[in-house]
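Since the structure comes first, as structure tokens, the remarks are kept for the end.
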Amino acid sequence: MRAKLLSLAGLYLVQGLPYGLQSGLLPLLMRARGLSLSRVGLTKGLYAPWLFKLAWAPLVDRRGSPRAWLALSTAALGLVCALLAALPPVPSGQVGLPAIVVGLLLLLNLGAAVQDVALDTLAIQLLEPAELGPGNTVQVVAYKLGSALAGGGLLALLPSLSWPLLFLLLAATYWLAAALAWAAPVLHQVPWPQPSEHTPRHLQDLLAVPGTLWTAGFVLTYKLGEQGASSLFPLLLLDHGASASELGLWSGLGTVACSIAGSSLGGALLTRHWQLLPLLRLVLQLRLGGLACQTALLFHLDTPGASLGPGTVLRGAALLSLCLQHFLGGLVTTTTFTVMMHCSQLAPRALQATHYSLMATLELLGKLLSGTLAGVLADGMGPNPCFGVFLVLSALPLLDLDLAPSTFS
């Protein structure tokens, strides 16, 4: 199992690079070159290929092997980075990204989305049921580390690395990862797909997989309360007098570290043969309790004399609550991804890439919905009642568990 996990860790680490590059590094580079905030914000449109993974997931299912798709898409990402190294991001006198740079960045996201489908399919077919806990821990933790490395690590190197050298470094990393994907002996355990008399074509083929309807509903809603609270809580602490620099440190480095620690603990508990649904119920209950504490804290901060000044108990409680929620969020994420992968393993081999891509797309849509919902609720109801709604939304997944099919028992 160790060889499987080490190979998957290296590949998921590389998979996290594009997200960190475009969410952390690229906006700062563009702003530093004088682009307006609205133009910087338009770069979010570069993530569009990720919303269409279901369009090419059937190709991964039916044409070639996941290992071949993974090696080719990773090598293609290296080629795109090499081409980006030859182009300046924003030529002097230009008010936006050149069209060719935008096109290459879209290709980078397209390649990363195909790589994501192929790597997830490879993991589904490679891991045994008893290995899903550690495997999903590796997936979540390595991806987060890769994102942090590209977003923060490369930013730290930027003063000594030019734009061309930075992308040449990324290109070399991708080509090494492509060689690993193709040559690693443990990945050869996944056989090439055999021709099938029945080729799945319709949504009903996906929905016929045991547990799919329940899993789809669960992953669409399990982050609604948590994601909204996580996005608003630091902003509300800022409104109550917490310093921006301290919040930046804790909501950046501190919460990422806590989230990785939570994900690692989730994998360790699953490795020790904790049953999947009882563990998920426990961590959801703990998350609900943590959110209740955050809500009570916000109501208390509105009372006369309450302060987040330096050295106060409330300040420490607020920062502790912030980190605790991300720790529990990491626990919930790893356990939920294990549920998703377990469900996709029940699908026919010719349908597994499409099935897991459907689950992952719904999971992403749930997160996007929660972020939008948080802003609308906060503006319409006020922050404190809004957190009351988050409490209710965080309780819904616990009710969902009562309806879970026997597939997961």
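Positions of Cβ are set from backbone N, Cα and C atoms, glycine also.
What TrEMBL says about this one:
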type: TRANSMEM; residues: 68-87; note: transmembrane segment
type: TRANSMEM; residues: 99-119; note: transmembrane segment
type: TRANSMEM; residues: 140-159; note: transmembrane segment
type: TRANSMEM; residues: 165-185; note: transmembrane segment
type: TRANSMEM; residues: 247-270; note: transmembrane segment
type: TRANSMEM; residues: 282-301; note: transmembrane segment
type: TRANSMEM; residues: 313-339; note: transmembrane segment
Residue list, the transmembrane segment (282-301) vs rest of chain: Cβ under 8 Å, 6 or more residues beyond ends.
222, 225-226, 229, 233, 236, 240, 266, 308, 314, 317-318, 321, 324-325, 328-329, 331-332, 335, 383-384, 387-388, 390-391, 394-395, 397-398, 401
Looking at 68-87, 99-119, 313-339, which one has the highest count of Cβ pairs under 8 angstroms to the transmembrane segment (165-185)?
68-87
Surrounding residues of the transmembrane segment (313-339) on its own chain - C-beta under 8 Å, 6+ positions past either end
132-133, 136-137, 139-140, 215, 218-219, 222, 226, 229-230, 233-234, 237, 242, 246, 250-251, 254-256, 258-267, 270, 276, 279-280, 283-284, 286-287, 290-291, 293-294, 297, 300-301, 306-307, 363, 408
